[in-house]
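Pulled from TrEMBL, these are the features on record:
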type	residues	note
TRANSMEM	20-38	transmembrane segment
TRANSMEM	58-77	transmembrane segment
TRANSMEM	98-126	transmembrane segment
TRANSMEM	157-181	transmembrane segment
TRANSMEM	188-209	transmembrane segment
TRANSMEM	229-249	transmembrane segment
Amino acid sequence: MNDYRFKIRRFIEKESAVQWILVILGVLLYGFSIRLSLFEESISYGATLNKWDLVIHVMNNPYLWSFILLWLLWLSLRSTNSEFNYNVLVRMRSYKKWIISTLRLFFLRIILLVGCLVAVMIVLMIGVPSGLGWSDFALIQGEEHSMILAQGINHPLIAIIFHVLLLFLSGVTIHLFLTWIYLFTYKLFIVSVVAISYWVMFIVSFKWFPAEYSISNYWSLSQSYLSFGNLWAVFLVGMIFFIIALGLCETLDMNFKNKKGGRSIMMLLYLYREERNSE
């Protein structure tokens, strides 16, 4: 328990408060823009909205996610690069264990991001009418985010829970792929190019690709529901990619252990560590 608390405290100390404050301000400013346009839409439809509409519209806005995704990719690269250490690799004697350690760090950063989003939502909801379920605005047949999800989900809270699950699934999957590329190439530049390319494809696919091929489906629940016509398809496809990413990481670890040079590399790393410690 004490070790766990120490790791949490160490994680918090390593995070840059300035960077997180800038992210919060960026989301907050764009969130106010979404809030304003949402009120204008409700007036044009002649229907009242509530806090659930605001939360769902902010969480599913693809333009806002283009900003958040860039930050998530940066967090993934930070988690990978900061945790890579030959001494740690020697001690763990496994790529898989090292990947799990980076994944744990990235997971904590996703939780921190969700916490920041919750704080932003609380500020944005000030002055917005409350409601126990879907609003009159959401129950209108249309293509607004809450309208789309209200067609197939009984309660807005369920939609929010599924959206958070989709965020964790997509975030962990892309992190595993980036980590695998890093271990395969040992070049941060290549991994950074892949991450930026993924972000560019997110924007391009949302604008010009057929709906079912848009990367935004895996970050916006309403977008995926509109594209696939159901709630489960995006999770099924996401799980397939997640399993592929796990398989690649497992294969990398197996190949390292099966190669004759694997033990030699570990021994050299061990000797290097001992030499450094003796100096």
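Using the three backbone atoms N, Cα and C, a Cβ is placed for every residue, glycine included.
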Same-chain residues at least 6 beyond the ends of the transmembrane segment (20-38) whose Cβ lies under 8 Å from its Cβ atoms: 49, 53-54, 57-58, 61, 63-64, 67-68, 71, 112-113, 116-117, 119-121, 123-124, 128
Interface present between the transmembrane segment (188-209) and the transmembrane segment (58-77) (three or more C-beta pairs under 8 A): yes
The transmembrane segment (229-249) versus listed stretches 98-126, 157-181, 188-209: most Cβ pairs under 8 Å: 157-181
